[in-house]
Amino acid sequence: MTRADVAVIGGTGFYSFLDDPEEVAVETPYGAPSSPLAVGTVAGRRVAFLPRHGADHAHPPHGINYRANAWALRSLGVRQVLAPCAVGGLRDTVAPGDVVVPDQLVDRTHRRIGSFVESGAVHLPFADPYCGRLRETVVSAGDGIADGGTMVVVEGPRFSTRAESQHYAAQGWDLINMTGAPEAALAREMRQCYAAIALVTDMDAGVEHGSGVGQEEVFARFRENLERLKGLLADVVAALPDPDGCSCSGWADGINLTYEVP
Ligand code: ADE
């Protein structure tokens, strides 16, 4: 059976990562993931690549089967997840083209299934939604990568109004995105280490004086930075620490998990 240690979940504009991958179709108790998994080797590590929106971007942010994606990756053995994503910047400390490794998350989504827990007392710790060790590895892997920031995740698929954008910025939040939740919490439930790698594609509607953000801008900016992002990911994979002993899996020790971690 095909196995992998590490996953890269590609976001908007990021649909392939590996040379000559093996394609693995996985069925899960939650349905099919966004696409078959592509599995290959990077820096001696087995890596599974999953395009979050599907290979042809069939799944909008609110239509992604986040549980199937997380379960499918774990079923191959994945314990470390790198999650690149396109984000808007909410304040002028960031600019399009910047890569930021957020350390906090605000979940403003409201119609997604955000947990595997369907019964029993299972309350996962989530004060720090991202794996500290993975975050550190990403920040150290390249020059000029911003360390920390709060990413608010909105339901989409529409972009925010100017008033919403200004409101989010006034809360002190830095980045905005449509897919970071519930992906991070589901990874924690799957006892995986998870880090988001945010590529700033636009300045949302608040800082802009023009007509606000549109999807062409997001896609174009992502395309311009894709090769740089792939290079960074390859360097990160080569430098990943051993997942053993990390609190991202240890939180569930002694807890009666009422769902299957494959
Ligand atoms: N993804 C990229 N840019 C975004 C924005 N401005 N708002 C929400 N999600 C985004």
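Glycine is treated like the rest: Cβ placed from N, Cα and C.
Because TrEMBL annotations are produced automatically, they should be read as predictions rather than curated entries.
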TrEMBL annotation, phosphate site containing Thr12, Arg52, His53 - matching residue among Thr179, Thr258: Thr179
Of Thr12, Arg52, His53, Thr179, Met203, Gln215, recorded positions neighbouring ligand 1, Cβ under 6 A: none
Assigned conformation of Met178 (substrate binding site) - DSSP reduced to three states: coil
Intrachain C-beta neighbours of Arg52 (phosphate binding site), sequence separation six or more, cut-off 8 angstroms: Ile9, Gly10, Gly11, Ser34, His59, Ile64, Asn69, Cys85, Thr179, Glu183
